[in-house]
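Q: The structure's right below; bear with me while I get my questions together.
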Amino acid sequence: MQLLEDRILKDGNVLGENILKVDSFLTHQVDYKLMKEMGKVFADAYKDSGITKVVTIEASGIAPAVYVAEALDVPMIFAKKHKNITMTEGILTAEVYSFTKQVTSTVSIAGKFLSADDKVLIVDDFLANGQAAKGLIDIIQQAGAEVVGVGIVIEKSFQDGRSLLEEQGVRVTSLARIAKFENGQVVFDQADA
Ligand code: G4P
C-alpha cells in the first residue's frame with residue numbers, strides 16, 4: 001500500500017538492527033485517516049470471503065482492526081493479555097512467546113464472542129515471528145471457528161512469521177513488507193495489497 005510505505009519512509013525510525021519505530025501514527029499516536037484507508041484495503045482483499053468477525057490482540061492491533069471491522073461491517077474482538085476480573089467463565093486461552101521480549105504471556109478471549117459459524121480475519125500491527133497470530137489462530141480454532149486470513153500492517157519479511165502462518169494454510173495479507181534495514185533505511189519487498 002503506497003500510502004503506508006510513504007508514511008513509513010517519512011515518519012518511521014529504525015532502532016538498532018531490526019526494530020521499526022512507528023509510534024507517531026500506529027503504535028502510540030494513531031492517524032485515524034491512515035487507519036481508515038488501511039481498513040478499506042483489507043476489507044477489499046477479503047470482501048468475498050464471508051468474514052463475520054475481526055480478531056486482534058491488545059494493544060497496538062486494536063486501532064487498525066477497528067477500521068477493518070468498520071469497512072467489513074462486522075464486530076471486532078481483541079484478545080486480552082491480562083486477566084480481567086469480569087472474565088469469569090468460558091475463557092479461551094493460548095500461550096504466546098515473544099522473541100522480542102523473551103517472555104511468554106497468556107492471551108484470552110471470552111468464548112461467547114466466537115462460534116463455530118464464524119469466519120475470522122485476524123488483524124495485527126506487526127508480523128515478526130508470528131507468535132501472536134499463532135496464538136490467536138489457536139484460540140479461534142478452540143471455538144470451532146475458521147481462520148480465513150491474517151491481515152498485517154507491517155510485515156518484517158526477513159523473519160519467520162509468514163511461513164509459520166502459511167504452513168497452517170492461512171492466507172497472509174501485508175500492506176507493507178520490510179525486506180531489510182540497510183544503513184538505518186527501510187528496504188521494502190512487494191506488498192500483498
Ligand atoms: P510475533 O508476534 O510476530 O512473534 O512478534 P515478536 O514476539 O517478535 O514481537 C513482540 C511485540 O513486538 C509485538 O507487540 C510486536 O507487534 C512488536 N514488534 C515486533 N517487531 C516490531 C518492530 O519492528 N517495531 C515495533 N514497533 N514493534 C514490533 P506487543 O508486545 O504484543 O505489543 P503491543 O501491541 O502491546 O504494543
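Glycine residues also receive a Cβ, built from the backbone N, Cα and C atoms like all the rest.
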Q: Since TrEMBL lists Leu20, Thr27 for xanthine, which candidate among Lys156, Lys180 does it give for that site as well?
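A: So the xanthine site in TrEMBL includes Leu20, Thr27 plus, from the candidates Lys156, Lys180, Lys156.
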Q: Quick one: Cα separation, Ala128 (5-phospho-alpha-D-ribose 1-diphosphate binding site) versus Thr27 (xanthine binding site), in Å?
A: 15
Q: Could you give the Cα-Cα distance between Leu20 (xanthine binding site) and Gln131 (5-phospho-alpha-D-ribose 1-diphosphate binding site), in whole Å?
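A: If we compare the Cα positions of Leu20 (xanthine binding site) and Gln131 (5-phospho-alpha-D-ribose 1-diphosphate binding site), the gap is 18 Å.
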Q: I'm checking region-level scores; what's the whole-number mean pLDDT for the domain 'Phosphoribosyltransferase' (39-157)?
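A: Averaging the confidence scores along the domain 'Phosphoribosyltransferase' (39-157) gives 95.
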